[in-house]
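The next block holds one structure in the form of structure tokens; read it before the comments.
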Amino acid sequence: MQEGQAAMAADMVLSHRAPHKVLSEADLEEVAQRKPPTEPSLRGCLHKTRCSVSTAKSLLLRFLPFLRWLPRYPVKDWLLGDIASGFSVGIMHLPQGLAYALLAGLPPVTGLYSSFYPVFLYFFFGTSRHNSVGPFAVISVMIGSLTDSLLPSENFLESVNGTNVTMVNEERRDAARVELVATITVLTGIFQVALGLLQFGFVVTYLSDPLVRGYTTAASVHVLISQLKNVFGVSLGEHSGPLSLFLTLIEICQKLPETNVGTLVTAIIAMVAIFIVKELNHKFAAKLPMPIPIELITIIISTGISYGVNLNAKFGISVVGNIPSGLKPPVVPNVSYFGQVVGNAFAIAVVGYAICISLGKIFALKHGYKVDSNQELIALGLSNFLGGFFQCFAISCSMSRSLVQESTGGNSQVAGVISSLVILVTILKIGELFRDLPKAILSAIIIINLKGMFKQFDDLCMLWKSNRVDLMVWIVTFVATLLLNLDIGLGASVAFGLLTVIFRTQLPHYSILGRISDTDVYRDVAEYEMAEEIPGVKIFRSSSTLYFANVELYTEALKKKSGINVDRLIEKKKKALKKLKKQQKKAEKEKAKRKKDAEDGLNGPGVAVIELSGAEGSAPPEPTLHTLGLPQPNFHAVILDFSPVSFMDTVSIKFLKNIFRDFHDIEVDVFIAGCPGALRPCWSIGSRDKMAASSVCRVGCAAGRALLRGPRSSAALLTLTRNRGAATYAQTLHNIPETQVTTLDNGLRVASEESNQPTCTVGVWIGVGSRHEDEKNNGAGYFLEHLAFKGTKKRPGAAFEKEVESMGAHLNGYTSREQTAYYIKALSKDMPKVVELLADIVQNCALEESQIEKERGVILQELKEIDSNLTDVTFDYLHATAFQGTALAHTVEGTTENIKHLTRADLASYVDTHFKAPRMVLAAAGGISHKELVDVARQHFSGVPFTYKEDAVPILPRCRFTGSEIRARDDALPVAHIALAVEGPGWADPDNVVLNVANAVIGRYDRTFGGGKNQSSRLATLAVEHNLCHSFQTFNTSYSDTGLFGFHFVSDPLSIDDMLYCAQGEWMRLCTSTTESEVKRAKNYLRNAMVAQLDGTTPVCENIGSHLLNYGRRIPLEEWDARIAAVDARMVRDVCSKYIYDKCPAIAAVGPIEQLLDYNRIRSAMYWIRF
């Protein structure tokens, strides 16, 4: 039993062995020689901060970005689009400025000021080319709640002509409110500038996307309720503070009988007209040069009707009133308000910036430029700070105006200057014409523009399916903002969001990891059937970092997952040791007594006293659990996977030391794997704490180190873990043994690579797969693979497997679209028996009816499981659409109906048709003799037929590639799988190597394994920075005459279009701007992968068999290296243009794919390249 476990452990060490020594962190520190930390000197700091022309220029360009881009402004290409875009946005600014001023409780003209001064200032300081800053509904309602609470209308009641009748002095109220709002705006700007100068742009990260969307949705409800008084034409009291929204709503309901019918009809007509035209704008966006400015048209028409009919006098419809012409001189704000509004100003500053930077990053990602988050804070702050002196209210960025600015051709901040000039003309010449504009029209504009905000209620369904904690954040933020008002609601929402983070770290997912067979991947054994624990080793992982709040839970979970009661065992050991010490003391006393008696002559004359104790001063052996008679753990090592741990505090370090001590007490070694270098001071404590650098390893090394230090380690096990010398890459290529090939009389090829190893792998590769099947027998090859090892005519039933097991061999097989393989790994001395068994499989497969029915059930179950593997499903769909109507569209496993109806006769016919000697390769690698292999093959494989029916070798028709798509939408799934590919080259095409280099340039990324942000792959960096996807991979799948070249990614539903845009953008870079440095890195990666994949007899054997089928010979590594070396950047650009530019792609999409662009838009992105 122990020998079997040792052999299994040895096999795992070999299978995980990297081409280098097993290193601990201490070994690595010694070998790698860490560079000493470089601390900046005082002289260096002074040099950096000294005044100079270059420093002044750098600061100037940093704080005035327009000086950097304006001199390089492409007038011919951008100016016309910026003018058109600026005019369109200016037309939108006019009605929205008037409406949002009303929302803030201010005179309408302040909305025009806020659409002019800040927008013009943003041109000088902003870095986003497409953001349209100015009045925004959410910010306006936050300001409106302040004006209503601090300066309610009741404070400005005055008697009329000395009577008891009182009226609100609107002129005094408006003047006071303008003064208050100017103060708020200046203070908001001060906060934003200060945060920007202190590099606090990251503060917005504490406002998660669900929090922002929940908050803005609740704010939209506040906006809606606040405008109902103008829609119904009723006057309301001022309500502020918690529950003010509901008090306002109750009062509106109470005053519904007082509704002004004229006002209500006016508002309804305006809302219907605006809604219809906006829907038409959206539907025909591609055909319209610019959206129809329905808000402006509505304002002009309603103003004309109001003036002509005199709606105010005849029907009592409230109008805007006097709008003064011209610009007002700057006024210093009233600083006495600072103490009352400081908290609200900070909230407005953060919310306004959060909305602005979110939109800015979206446009920057889409158009390929960078937005400086800290400079955006400064730009927004200066726009607010200076605007406050000119009676402006706080501004942010409007999504609707920004989308119009982008879609109408806006390319830079020049569009903002043009829009501000449109508003300036309005202020100077046209503003006074809108004094008869009904307020109901402005309320209608505000309400209809809230449609986009209310669409955020759709988040509830998506978050319910994807993340319940984020759903709670959304709902709590929404409810808190409704109940507690906008200022208190924001604080409560941020506090709750931070609590959810603490909650997640308090209750992470704990797991014991096991290794997936034949891979270096470790997964939770409770979730993955193929994950197997390494014998004698427990690999423990927590999904969270370690700190004082969760480290005790971590310790308890570790002890619980280990499967033994560690504390109880330690307690038993202490009691046993205590008992042992008592016995030893008693024995020492008795020994001393006997010695004394002997000295006193009590033993009588002639009796000698003989001491049988050990040498003087030698300590007795340390008691073990075994010697104490206590149960021993069934594992000898614990590996703590620290890859999710980003920081540790003193409390967690203390608990970690206790873990080392406790497990050491029960004779279990503890290792730390995947520990970030930043945590080195945490574990570099010394052997006194039983926690030293020798216990810290990489993930792969930790398993090997734990096995080698286990109690069942033996000399045989240690010799199996070979330490390779540091051979150069050239030596590696040169030292690869020659591949010998011999063709038998029947056309079967025998190929081998001899090496001095105790094991060998021998297999039969057959040039047949699902591509050789038709609609009726699709799945026959896969069915035969299942039956191959279930018995032959000579070795029926279990006799075949027993014979394999008696040799200690390992057998396997696989079926693909063009190949089928059966191979066995065994000791080299058993090679003749292995060849005999393979020949028996190929020629004498029993195909017993009982086994067929048994395996039929197994395959049907596998098909159900395959349907749950969305990656496999996506690639099957990709083949089905790309090669529709051809044999390559078939799945390897076949359809469920085919598997149910395939008969023994069908399978026998498949073997008789396709298992011919010219299609077969007998490949071997390891400690074998090629001459002996040929002799044994001639003995057992000569009977394989080599003729086909009618003496004709079947030739496969070329598979036609079709650019098309398959979409399998399922909104119940949490993530979407998208695969996009163009037709690639066949195996023998020389373009294959170039496309492999191109794929290496793009790289791959998986969030599970971390990294990405600092990888050389540009797409991986974008994926991490903007949270575009969970993973992506590129592929270049080749067949005999065609192939698929593309990428596959897994992303959240709302990130699909952004990830697709970036991925297609990387294809554009391959075709137009690939650099030599990128190609050099990719070539080095390919070279490394080429050598690394041939580590072991089984990969070498597979390489031999597949090469002979695909290329007719085994291509030497030196030749592959030469082909890779010949690739340069120009070649990559040319070949990628050949396969990508203006090609119709095949697309397969599975999951919640509503946001996936339609095929024509994806297709249109395939010809953005210009030569």
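Keep in mind that glycine also has a Cβ here, set from the backbone N, Cα and C atoms.
Here's what TrEMBL has on this protein:
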COMPBIAS  585-599  compositional bias 'Basic and acidic residues'
DOMAIN    527-674  domain 'STAS'
REGION    581-605  region 'Disordered'
TRANSMEM  78-94  transmembrane segment
TRANSMEM  100-125  transmembrane segment
TRANSMEM  180-207  transmembrane segment
TRANSMEM  261-280  transmembrane segment
TRANSMEM  292-309  transmembrane segment
TRANSMEM  345-365  transmembrane segment
TRANSMEM  377-401  transmembrane segment
TRANSMEM  413-430  transmembrane segment
TRANSMEM  474-503  transmembrane segment
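The stretch with the most CB contacts under 8 Å to the transmembrane segment (78-94), chosen from 100-125, 180-207, 261-280, 292-309, 413-430, is 413-430. If you count C-beta pairs under 8 angstroms between the transmembrane segment (180-207) and each of 261-280, 345-365, 377-401, 413-430, 474-503, the highest count goes to 377-401. Outside the transmembrane segment (261-280) by six or more residues, the chain places 230-233, 292, 294-295, 298, 302, 311, 315-318, 438, 440-441, 443-445, 447-448, 451 with a CB less than 8 A from a CB of the stretch. Beyond the ends of the transmembrane segment (474-503), by six or more residues, the same chain brings 141-142, 145-146, 206-208, 210-211, 213-215, 217-219, 221-222, 240-245, 343-344, 347, 350-351, 459-460, 463, 549 to within a C-beta distance below 8 angstroms of the stretch.
The listed stretches are 292-309, 345-365, 377-401; of these, 377-401 has the most Cβ pairs under 8 Å to the transmembrane segment (100-125). Using a cut-off of 8 Å between Cβ atoms, the transmembrane segment (345-365) and the transmembrane segment (292-309) share fewer than three residue pairs, counting only pairs 6 or more apart in sequence. On the 0 to 100 pLDDT scale, the domain 'STAS' (527-674) averages 77 in this prediction. Residues 88, 91-92, 94-96, 98, 266, 270, 273-274, 277-278, 280-281, 317, 319, 433-434, 436-438, 441, 444-445 of the same chain lie 6 or more positions beyond the ends of the transmembrane segment (292-309) yet place their CB under 8 Å from a CB of it.
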